[in-house]
Every structure is written in C-alpha cells, then in structure tokens.
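*Asks:* Once you've had a glance at the structure underneath, I'll fire off some questions.
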Amino acid sequence: MTQLDPDLDTESLQVAIIASRFNAGVVDRLIQGAVKTLIDQGLAPQGIALMRVPGAWELPLLAKRLADSGAFDGIIALGCVVRGETAHFDVIVNESGRGLMQVSLESGVPISNGVLACESEAQAIARAGGELGNKGEEAATALLELIGVVEAVETTFDMLELNDGPNSGLDIDEVMDAMEDMRQALEAQERKKKAR
C-alpha cells in the first residue's frame with residue numbers, strides 16, 4: 001500500500017503574489033490578507049515575493065514569466081475590476097481569468113485567482129476584509145491546498161513509477177490503494193487545517 005505524507009512543508013515554499021495597482025485601496029487589502037495567511041500557515045516572509053502590474057489585464061503575462069522561471073512553487077493573482085458603463089469589464093475579467101488558467105495548465109505551476117469582479121466598489125470592499133471576508137486570504141489558502149494536492153499526486157505517480165513510460169509497473173490494485181491513501185491524506189490535511 002502506498003503511503004502519502006499529508007503535511008505540506010510550507011517553510012521552504014516560494015510563492016509569488018502578483019497584484020494590480022488599479023483599485024489599489026481594495027487590492028492592498030487583498031495583499032495583506034494573502035500575506036498574513038501565508039505567514040500564518042508557516043511560510044517564511046522571505047519566501048513571499050510581491051510584484052505589481054498596472055491592472056488585471058497584465059496579470060497573465062507576469063504569471064507566465066514567473067511560472068516559466070521555475071523559481072516559484074505557486075502564484076497568487078490579486079486584482080479588482082469594478083463594472084462600469086461598457087463591456088470593458090467583461091473583457092478584462094474573462095480574459096484575465098482565462099489567461100491565468102492557461103498559464104497554470106501549460107506550466108503545471110499552481111495559480112490561485114483572487115481577482116475580484118464586482119458590480120460596485122461597496123461589493124469589492126466587502127470582499128477585501130469587510131463583512132464578506134477577505135478573498136486574498138481565500139486565494140492564499142486555496143493555493144496552499146492546491147500545492148499540497150499537486151505534490152501528493154506527483155509523489156503517488158513517482159511511487160507507482162508511472163513516469164517511466166506507458167503503464168510501466170502499473171498495477172490497478174496499487175493505483176486504487178494509492179488513490180485511497182491520497183483521499184485519506186487530503187482528509188487529514190483538511191482536519192489539520194480546521195484544527196489551526
């Protein structure tokens with residue numbers, strides 16, 4: 001039976017936070033929430049890099065450069081787009097999100113999308129440390145969970161020697177055992193997170 005280690009070594013992680021300057025008052029609060037969450041979860045402050053871009057539109061390009069560098073275990077994208085009178089809002093929100101997802105899928109680097117898409121400034125403030133929480137905190141939590149899941153999957157594949165060619169060493173019982181171990185490890189990670 002394959003055994004997975006559910007603990008994520010957060011102390012050694014390198015995480016990039018990329019954030020837009022547009023709607024800076026809201027975005028700065030998202031950044032504060034993300035940084036606090038990362039540090040609370042054990043990341044060393046020197047393991048967190050913050051970079052700014054003009055707006056949400058520019059986030060995918062910076063994410064791609066950082067993902068391609070191989071220097072980061074994960075990326076958190078933060079921004080705030082508030083609907084105006086034109087369709088510009090829809091273009092920015094949709095293409096920014098699509099671009100971030102494309103970078104993550106192509107690079108294999110986990111990226112958490114914490115770009116707010118709000119109808120009003122009041123909605124944005126409510127989601128940046130207001131009565132509806134802080135989406136920067138949520139983006140950081142999601143990123144750490146995704147990094148842990150990706151590491152667990154990669155570890156399982158390595159244990160099963162799936163990287164040595166199609167079906168080499170593949171035994172369906174081992175795969176099923178590994179999947180059950182992964183499920184249990186993720187549940188243990190979730191319980192540990194709730195206990196904090």
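Any Cβ shown, glycine's included, is placed from N, Cα and C.
It should be emphasised that the depicted structure is a prediction, and the values quoted were computed from it without experimental measurement.
Annotation comment: TrEMBL describes Phe22, Ala56, Trp57, Glu58, Cys80, Val81, Val82, Asn113 as 5-amino-6-(D-ribitylamino)uracil binding site. Positions annotated as (2S)-2-hydroxy-3-oxobutyl phosphate binding site by TrEMBL: Glu85, Thr86, Arg127. The active site, proton donor annotation in TrEMBL covers His88.
In terms of burial and nearby residues, how do these features look in this structure?
*Replies:* Within 10 Å of the C-beta of Val82 (5-amino-6-(D-ribitylamino)uracil binding site) we count 17 further C-beta atoms, all protein chains included.
Look at Glu85 ((2S)-2-hydroxy-3-oxobutyl phosphate binding site): DSSP puts it in coil. In this chain, none of the residues that are 6 or more apart from Glu85 ((2S)-2-hydroxy-3-oxobutyl phosphate binding site) has a CB less than 8 Å from its CB.
Listed in sequence order, the residues of the same chain lying 6 or more apart from His88 (active site, proton donor) and placing their CB within less than 8 Å of its CB: none are present.
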*Asks:* According to DSSP, does Phe22 (5-amino-6-(D-ribitylamino)uracil binding site) fall in a helix, a strand, or coil?
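*Replies:* In the DSSP reduction, Phe22 (5-amino-6-(D-ribitylamino)uracil binding site) maps to coil.
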*Asks:* DSSP on Arg127 ((2S)-2-hydroxy-3-oxobutyl phosphate binding site), three-state: which is it?
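*Replies:* The residue in question, Arg127 ((2S)-2-hydroxy-3-oxobutyl phosphate binding site), is coil (DSSP, three-state).
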*Asks:* Count the other Cβ atoms sitting within 10 Å of the Cβ of Ala56 (5-amino-6-(D-ribitylamino)uracil binding site), across every protein chain shown.
*Replies:* 28
*Asks:* Using a 10 Å radius around each Cβ and all protein chains in view, which of these binding-site residues has the most neighbours: Thr86, Asn113?
*Replies:* Asn113
*Asks:* Around Cys80 (5-amino-6-(D-ribitylamino)uracil binding site), how many other C-beta atoms are within 10 angstroms of its C-beta?
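*Replies:* The answer is 29.
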